[in-house]
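Annotated features in TrEMBL:
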{"type": "DOMAIN", "residues": "42-384", "note": "domain 'Aminotransferase class I/classII large'"}
{"type": "MOD_RES", "residues": "Lys243", "note": "N6-(pyridoxal phosphate)lysine"}
Amino acid sequence: MSNVHELKFLKEKIEELKKQGVYRKLPVLEGANEAEVILNGKKVINLSSNNYLGFANHPRLKKAAIEAVEKYGVGAGAVRTIVGNMDIHEEMEKVLAEFKREEAVMVFQSGFNCNAGTIQAITEKGDLIVSDELNHASIIDGARLSKADKTIYKHNDMDDLERVLKENRDKYRNILIITDGVFSMDGDIANLPDIVELAEKYEAMTYVDDAHGSGVLGENGRGTVDHFGLHGRIDFSIGTLSKAIGVIGGYVAGSKTMQDWLSHRGRPLLFSTSLPPAAVGAIIEAVKMLMESSEYTDRLWANAKFFKERLGKLGFNTGNSQTPITPVIIGDEAKTMEFSRKLFENGVFVSGIVYPTVPKGTGRVRCMVTAGHTTEQLERAVEVFEKVGKEMKILK
Ligand code: PMP
């Protein structure tokens, strides 16, 4: 009995992580998530945040959050289906629907919850979920919660997707094709025009998780669907409110029918309290700011272009990213983690990403350039990359 309470079985697993060299403590940030931060007591340039537009500590969002707290308090007090649906939750969804140019939006408490709750609510036994092999963990978990059958297709490979659709069309009632809009480890964009063509040919539904495309791609950051001009042809368009928008939450944009159904069967909405007023106030302000001007998305793209070009000129392999996500591919796992450690010692924080998050032998540090970085900060970061790259013989 006492062994059980000592959690010996977990201690053993933790020892195993240590042996594998993948054990770590959670890094601690002193202050807001900005372009330059104090992390684990050290001042560093932050190249690992999803705060694409610098909104996480923006004065206009903070003011809106404070005003919402003054009027509505700090908590919503209930799930949305009981008495936790305030008028600002409704306003937030209206503003988001306008931004995404869709009929309706349903907001969840996080992007993760949104995928976990939506996929299981819109599929059932007798349906098939067809998922890109590199889709995000929350999509995988959402699919696991569904009673539908599941299969994957090779990453962004349209021949393989068509093979799966052809083989399965007559065996199932509904088929749901799910893809990330922007893939978070490589920064490549899904081939949405061809996915939509195939979906229409085989009468399948489409589901795009645009966590890394919303606020980044398309007119004023309207996302990957807007980037390709595919409004009205994607059934479920997912975005997160935690990355470019800088706050917390996730949403599905699409039809009123979708919204109506999720308000009855979206389990995270039925069984978990709705977003706090401060978050909702800040989200509304962020979306208004995006619709007002492209200032922030323009700066994000200019910074990303500058940083990618400078790293490329030095001779780093920055992969095939089509977005501000900038992987610097090192290859060997141990070398990748050492590179990340040395960058940190020299004042740049960029996390190392290795197997199993990415395939073996493709270890990388993944740089997230934001609109909040100054040119001077990016130049300093490039100098550190050059110094450490030469020391470790990654560069000649
Ligand atoms: N989808 C994708 C593609 C993501 O990268 C993430 C965040 N890592 C999520 C969903 C989850 O979003 P959130 O952090 O808002 O829960």
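Backbone N, Cα and C define each Cβ position, glycine as well.
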Compute the average pLDDT of the predicted model within the domain 'Aminotransferase class I/classII large' (42-384).
97
Those residues of the chain, 6+ apart, with a Cβ under 8 Å from that of Lys243 (N6-(pyridoxal phosphate)lysine):
Asn50, Asn51, Tyr52, Gly111, Ala211, His212, Ser214, Gly215
